[in-house]
Amino acid sequence: MARIIALDGAQGEGGGQILRSALSLSMITGQPFEMSGIRAGRAKPGLLRQHLTAVRAATEICGAQVNGDELGSQQLRFTPGPIRGGEYRFAIGSAGSCMLVLQTVLPALWFADGSSRVEVHGGTHNQAAPSADFICRVWEPLLARMGISQRTTLIKHGFYPAGGGAAATVVEPAASLRGLTLISRGETLRTTAEALLAAVPYHVGEREVATLEAHFPQAEKNVVALEGGCGPGNALSLMIQSEQLTELFAAFGVKGTSAEAVANQVAHEARRYLASPAAVGEHLADQLILPLALAGEGAFTVARASAHLLTNIAVVERFLPVRFSCEATESGYLVRVSD
């Protein structure tokens, strides 16, 4: 029997990424794990609906044996079985992030016995999670360069607190994974500001993109009033397309925060990214660790080595025979993986 990997959910930044990475890697490698202190670093520790849905989705996709899969649980034992391609549908039952559930199971389905379609219902545009736009426009084009055939479609927008959104991904097994090197982003080719509005006055989006335009005069502007009762909700993004990759920075409207303040938050993140020669933004760096580890080679530059990034690296190295280096440079960090 494979050895059980013991993980401390309180290590590093103590968030849900430790659990999601462990589930992905356990399915792929066949190694069981047990985790204590799940999300110990959060205000509400233990499994929330989003995390529980990820656990149950992983369980269904590989026929795992699992203990501790209940709301609020801070202990989990997961023993995987073989990964099975097919049609899957999961509902979070709240505005929890569809994208984080998808990012838990999709890496395993790169190694399935056939093609798959996974549909998840919940939130598609959430605080502290990659949006559907980020997955489609930023992450998946980079995965394609690594030899991964995966396409996500946004079915319906869903915002906190109502949820009600949905996204689906079609994924094919990968014959092999290629490494990816992102040292320089190259010249900026195009910048696009987009405000999404669901049951929110149109002038809010107009003010948001106007504020972004003051920071980025060259940006194209787009205000989208969503139909179909998917609100209330408001998401503002700035997409920066460069020669080597696309980045996307987002913020969300909340009651009591002005449209201008939301836009200035996006502008601050984007300006900080552009002020550094690093190719990859802080959040994208987190999303690249697992696919690069599975490829066994690759490198990228990032302005800041966050606790989230370092924690994810530590979890990956428990499951895979790879080693990451994180070397300080004059303008940030060079992150490399080798087997």
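The backbone N, Cα and C atoms fix where each Cβ goes, and this holds for glycine too.
Here the structure is a predicted model, which means the values were calculated and not measured.
Swiss-Prot lists HIS308 with the feature active site, tele-AMP-histidine intermediate, giving sequence analysis as the kind of evidence. In this structure, HIS308 (active site, tele-AMP-histidine intermediate) is part of a helix by DSSP.
Taken from Swiss-Prot, the feature ATP binding site covers GLN103, HIS283, LEU284, ALA285, ASP286, GLN287. GLN103 (ATP binding site) has a Cβ environment of 22 other Cβ atoms inside 10 Å.
For HIS283 (ATP binding site) paired with HIS308 (active site, tele-AMP-histidine intermediate), the C-alpha to C-alpha distance reads 9 Å.
Taking every protein chain shown into account, HIS283, HIS308 are the recorded positions, and of these the Cβ with the most other Cβ atoms within 10 Å belongs to HIS283. Same-chain neighbours of the ATP site beyond GLN103, HIS283, LEU284, ALA285, ASP286, GLN287, judged by a C-beta within 8 angstroms of the site's C-beta center, are, in sequence order, PRO130, TRP139, GLU282, LEU288, ILE289. Calculated from their C-alpha atoms, the gap between ALA285 (ATP binding site) and HIS308 (active site, tele-AMP-histidine intermediate) amounts to 10 Å. Cβ neighbour count for LEU284 (ATP binding site): 22 (other Cβ atoms within 10 Å of its Cβ, all protein chains included). The maximal spread of the ATP binding site, taken as the longest Cα to Cα distance among GLN103, HIS283, LEU284, ALA285, ASP286, GLN287, is 14 Å.
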